[in-house]
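Trainee: First, the structure itself, so that you have it in front of you.
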Amino acid sequence: MEKILILLLVALSVAYAAPGPRGIIINLENGELCMNSAQCKSNCCQHSSALGLARCTSMASENSECSVKTLYGIYYKCPCERGLTCEGDKTIVGSITNTNFGICHDAGRSKQ
């Protein structure tokens, strides 16, 4: 009987020691601090100012402000959700200064 109890305790301790799906460095949830968009489940690491802390945030929805792309992996405005396009500044200056903002539009709907 003692051996069964010990085996059960060992099995429970192994089960609790196994890491969960939540990330520490990658696979971060929205609202968690990040240093690059590749760390976030949503693929968007956003900060509100140059000195602000960046956090994982959802991608921009239709008619929301967006960034075309970033050279640094951190956005002031997140890129659009899948199926939407960000119509805005696509110049190299906008990419370097991270001010290439636009609005998310459904490309299929705007052609009709």
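Just so it is clear, glycine is given a Cβ too, placed from its N, Cα and C backbone atoms.
The disulfide bond feature in Swiss-Prot is assigned to Cys34-Cys45, Cys40-Cys56, Cys44-Cys78, Cys66-Cys86, Cys80-Cys104; the stated evidence is sequence analysis. Sequence annotations record features per position, and here Swiss-Prot assigns signal peptide to 1-17.
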Trainee: Restricting to the disulfide-bonded residues Cys56, Cys78, Cys86, Cys104, which ones have a CA within 10 Å of the CA of Cys45 (disulfide bond)?
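Mentor: So far as Cα distances go, the disulfide-bonded residues lying within 10 Å of Cys45 (disulfide bond) are Cys56, Cys78.
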Trainee: Measure the Cβ-based neighbour count of Cys104 (disulfide bond), defined as the other Cβ atoms within 10 Å of its Cβ.
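Mentor: Cys104 (disulfide bond) is surrounded by 23 other Cβ atoms within 10 Å.
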Trainee: Other than its own, how many Cβ atoms are within 10 Å of the Cβ belonging to Cys66 (disulfide bond)?
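Mentor: The answer is 27.
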Trainee: Just to be sure I understand the packing, how many Cβ atoms besides its own are within 10 Å of the Cβ of Cys86 (disulfide bond)?
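Mentor: The answer is 23.
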Trainee: Could you list the residues of the same chain, at least six apart in sequence, whose Cβ is under 8 A from the Cβ of Cys56 (disulfide bond)?
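Mentor: For Cys56 (disulfide bond), the qualifying residues are Leu28, Glu29, Asn30, Gly31, Glu32, Cys34, Gln39, Cys40, Lys41, Ser42, Cys44, Cys45, Gln46.
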Trainee: Write down the Cα-Cα distance for Cys86 (disulfide bond) and Cys80 (disulfide bond), rounded and given in Å.
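Mentor: That separation, Cα to Cα, works out to 6 Å.
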Trainee: Take the C-alpha atoms of Cys66 (disulfide bond) and Cys104 (disulfide bond) and report the distance between them in angstrom, rounded.
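Mentor: The Cα atom of Cys66 (disulfide bond) is 6 Å away from the Cα atom of Cys104 (disulfide bond).
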Trainee: Far apart in sequence but close in space: which same-chain residues, 6 or more away, have a Cβ under 8 Å from Cys78 (disulfide bond)?
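Mentor: Ser42, Cys44, Gln46, Thr57, Ser58, Met59, Ala60, Cys66, Ser67 - these are the non-local Cβ neighbours of Cys78 (disulfide bond), listed in sequence order.
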Trainee: Round to a whole number and give the Cα-to-Cα distance in Å for the pair Cys104 (disulfide bond) and Cys86 (disulfide bond).
Mentor: 5
Trainee: For Cys56 (disulfide bond), just give me the three-state DSSP call.
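Mentor: Reduced to three states, the DSSP call for Cys56 (disulfide bond) is strand.
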